[in-house]
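As recorded in TrEMBL, the features of this protein are as follows:
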| type | residues | note |
| --- | --- | --- |
| ACT_SITE | GLU138 | active site, proton donor |
| ACT_SITE | GLU143 | active site, proton donor |
| DOMAIN | 23-263 | domain 'GH16' |
| DOMAIN | 269-396 | domain 'CBM6' |
| SIGNAL | 1-26 | signal peptide |
Amino acid sequence: MLKSLRIWQWLSLFLSILTLPTLSWAQPPSGATWTLKFEDNFNGTSLDQTKWSQGFGWGPVSGAFNETTRPENVVVSNGTLKIEMECDNGYKSGAINSRNKFIQKYGYWEARIKVPAAAAGLLPAFWAKFNNDQWPPELDIMEIFGSNQSAQFTVHWGSSSATHQQSGQAWNGGDLSTAFHTFGCEWDPNYIKWYVDGQVRRTYARPDADAFLNQWNAVSDGIYMMLNVHAANQPWTGGTLSCVNLPRYMEVDWVRVYQKSASTGGTSTTYEAENATKAGGVQTASGWTGASNSAYVDYPGSFGSGVYTQWTVNASTAGTHTLEFRYTNGSGANRPLQLQVNGITVNSSLAFNGTTSWGTWATVTVSNVALNSGSNTVRLTALNNVGPDIDFLKVTKPAGARLIAEEGRRDPSFSVEVYPNPITERVQVLVKGTPGETYHLKMLDMAGRADFSRTVQVAENGEQLVPITMNKAHTGMYLLQITDGQGRQQVRRILKE
């Protein structure tokens, strides 16, 4: 170890000329205002003990990993952190973690890293876990599996090894060991996004990510970070790590963590479930500790369209909002409910997964829900003869939220007919206007992404039929915008089932 370290320190003078990290600043995702909450530029000569601890937060590695970690394999010099994997009477490596020193719930984590050259059995990692050290869950911001040069982006969830589930995806960006790259991850209540050099490389979002996000969003404190190099002599890393390929180093220029700034102009309103309209035997109950106002609603042993809780929600302006339902479900199994907004089904089977016990509260979040200006209805209808207990509904309009034209708004200069609606595969749009006039059609999902865009010209008879195929579109609500040449616009809501 000492010999290889002295060689490294000697060569660092030359390597600094060739590979010294250029002045580069993290760029958190656009579309939000971010506040820097954590930063380490590794400018000193030793690890900053106020930010990091040596090793892993829970103790030595086990299971699929074969190395022993020790402090001397972690070096801070020349403006970077070096973590060395070497052979010295077995595999010896380094690891650092921020457990009990920096944890955060939601935000953007990013590090500028030069990974070691790929080798079978070698696994450099930038990852995170809950501060209580339960496993699963786990968030892998970046891993490289042995001789496979692809960056791996993975999430793990479940309450134990027996219930462990995971979702992973690889991104092949070539040989990532030849230069520094930024690896980032954004955790939002409704999605996880992975970034390399500022570009989104993977998105894992609702509804596919419901089970994962529901568990992660329920954690009270947050996650802590780890940086390390594993020896993982496994088939999925290409086999056994050979000492001939060692030592190797992972070099880290900086680590930064951001959090979305508090919304200025964004507003939230909480609607207690016990004050909502209840039908079909849904009733106010008490008994579980931790409920807001010591009360909640309980779904009876019946189900159907007449068994529901319905809130009246007031919105100052039309636009997209976030709905959060606080609930408890000690059954251990999913107890879904149908979510409808203003009579339109937003989610036909909204998951309310099991919590640890009755009285352990979690949150289900549904984002980008379109509300009209003024009064709106939000309804949760029973799908089975059992349901969760609902504490409250929280409605948030983010600052700078995209405003949408209200359904039913009509411009007398032209008319639009949409059929069928709801749809399963194809929708027909009939535009009636001035012959020869051009109209621009754009289909947006509730996140504002364009799924269809076309400019059409009305025929001599004053009509133009536009078929739009949506067989590959996800289920949910869409907005169809039709704009004439003078900027006058009509909007139709379309439900894809």
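Placed from the backbone N, Cα and C atoms, the Cβ positions cover glycine too.
Heads up, TrEMBL stuff is auto-annotated, nobody curated it.
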Could you tell me which of these active-site residues, GLU138, GLU143, has the greatest number of Cβ atoms within 10 Å of its own Cβ?
-> GLU143
Summarise the model's confidence over the domain 'CBM6' (269-396) as a mean pLDDT value.
-> 88
Could you give the number of helix, strand and coil residues in the domain 'CBM6' (269-396) as assigned by DSSP?
-> 6 helix, 71 strand, 51 coil
